[in-house]
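S.K.: Reproduced below are the annotations present in Swiss-Prot:
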- 1-19: signal peptide (SIGNAL)
- Cys49-Cys52: disulfide bond (DISULFID)
Amino acid sequence: MKKILIILCILILSCNVFSCEFKNGREYTEKHKVISNIPSIIEFFSFFCPYCYEFEKTYDTQYLIEKKIKKNINIQKYHVSFLGGKLGYVLTKSWIIAQQMGIEKKIVLPIFKGIQETYTINNLDDIKKIFKEKAGVSESKFNSFWNSLTIKILISKQEEDIRKYNLKNIPTMLINEKYVIDYSKIEEIFKDSFAEKYTKLIQFLINKKEKI
């Protein structure tokens, strides 16, 4: 009986510490009134965002989420078009095509590098070249995806979601359509053990219940 009480006390204390570790307005922000019933994560980024590039190279957030959080979660990654002018839209559409092909990991860093380091990506043909060199995608296959109705529907939905969430900063993560994580804030707060605290924060928000 004594052992059971000790275990219960430890669990209660650990839960309290965990819940107090993260605060609304500090590590995350409550964005919307209604929480989604389906656990979901949406990452927002741009190939024109230097901070997004550094974050992708250093932490590989997709890997952290998939490997560290043991739960069936709908994970999406949206490229925003409000940076980069016309090329921003072209990159958004190309990113959706890469997702549909399942080749995101092969092209994400080469595109970042081409945009921000070598300055070798300036138009759609340059993007097609990356797809071919890094993922073996022929121009005809790329074009068939580019002109497909599916891609048009997906890009319309994504742009509608971005407008709905009214995001101001990137990179940003939206959890359960309610909680927003601004990477620029948490990197400094979590600097000593970022990956561990970052995944704990995501888990905390995924499991967070609305107060009735």
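Note that Cβ sites are derived from N, Cα and C of the backbone, with glycine treated the same way.
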S.K.: What does DSSP say about Cys52 (disulfide bond): helix, strand or coil?
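M.R.: DSSP assigns Cys52 (disulfide bond) to helix.
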S.K.: Just to be sure I understand the packing, how many Cβ atoms besides its own are within 10 Å of the Cβ of Cys49 (disulfide bond)?
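M.R.: Total other Cβ atoms inside 10 Å, all chains included: 22.
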S.K.: Return the residues near Cys52 (disulfide bond) by Cβ distance under 8 Å, restricted to its own chain and a separation of at least 6 in sequence.
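M.R.: Cys52 (disulfide bond) has long-range Cβ partners Phe45, Ser46, Phe112, Ile170, Pro171.
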